[in-house]
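Colleague: As annotated in Swiss-Prot:
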BINDING   GLY165, ARG166, SER167, SER190  NADP(+) binding site
Amino acid sequence: MVAKILDGKQIAKDYRQGLQDQVEALKEKGFTPKLSVILVGNDGASQSYVRSKKKAAEKIGMISEIVHLEETATEEEVLNELNRLNNDDSVSGILVQVPLPKQVSEQKILEAINPEKDVDGFHPINIGKLYIDEQTFVPCTPLGIMEILKHADIDLEAKNAVVIGRSHIVGQPVSKLLLQKNASVTILHSRSKDMASYLKDADVIVSAVGKPSLVTKDVVKEGAVIIDVGNTPDENGKLKGDVDYDAVKEIAGAITPVPGGVGPLTITMVLNNTLLAEKMRRGIDS
């Protein structure tokens, strides 16, 4: 068996076309979604990622801006900028690029974002809504993972799903989304014992820990669906996933590549949530 390759680039392209159509429809009603991104410092990877978000937003007809603060910016300065965006009626969604410099509390900043503009879905109110099944902003990578599974017609009902990693960004929220689809979910982490026994029984594996080749062919059940969120650069700068891709694709039923799998959907879901934010504040049904 050779796995079906779940091409995130193509899935994202198709999804963004649908978003673009919705943006155009909103514009006809006099509303244009706007994404504001706060970037603190000069980290190269963060700058590149922020530019990608801005470009993607503008490509589908949104307005986007980067609010760039110096590496030495104080927590108060970041909060002041954030409050300005919170109170700016032209801004639909706000995103704060992390990591932040050590003098700025990431948690304090994320909690200061207006929950109705929190397109990353990291505000405690939005996290809480997710866990009681209320409409909210879902973190973008988990939302992208679910779109990949949906696009590939993966039936999750009563399936055994194993999530490796328990972060608030990916592991925990994607576990909740899988539960909503009636999968039986197991979360593995650094303290888990005998991980192989869980993986061998998994119909779906989502790995999001940043450990290259953690998931090997010998622990994957034939026909399993593999979602690889890992993106660790090797010594040559090439991105490596958590999964031994070349070996595992020979036995899996479907698999995401790295790069080109989950990554494109993460940015796409930032756009999705920005559109949702604009619709919600204008009282327009999604």
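Keep in mind that glycine also has a Cβ here, set from the backbone N, Cα and C atoms.
I'd like these features described in context: how deep, what's nearby, how far apart.
Modeller: Cβ-based neighbour count (10 Å, all protein chains) for SER190 (NADP(+) binding site) stands at 9. DSSP classifies SER190 (NADP(+) binding site) as coil under the three-state reduction.
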Colleague: Identify all same-chain residues not among GLY165, ARG166, SER167, SER190 whose C-beta atom falls within 8 angstroms of the centroid of the NADP(+) site's C-beta atoms; report them in sequence order.
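Modeller: Counting only non-site residues, the set is ILE164, GLY171, ILE187, HIS189, ALA208, VAL209.
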Colleague: Among GLY165, ARG166, SER167, SER190, the annotated NADP(+) contacts, find the widest CA pair distance and round it to a whole Å.
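Modeller: Max span of the NADP(+) binding residues, Cα based, is 11 Å.
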Colleague: How many other Cβ atoms sit within 10 Å of the Cβ of ARG166 (NADP(+) binding site)?
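Modeller: Here the count is 17.
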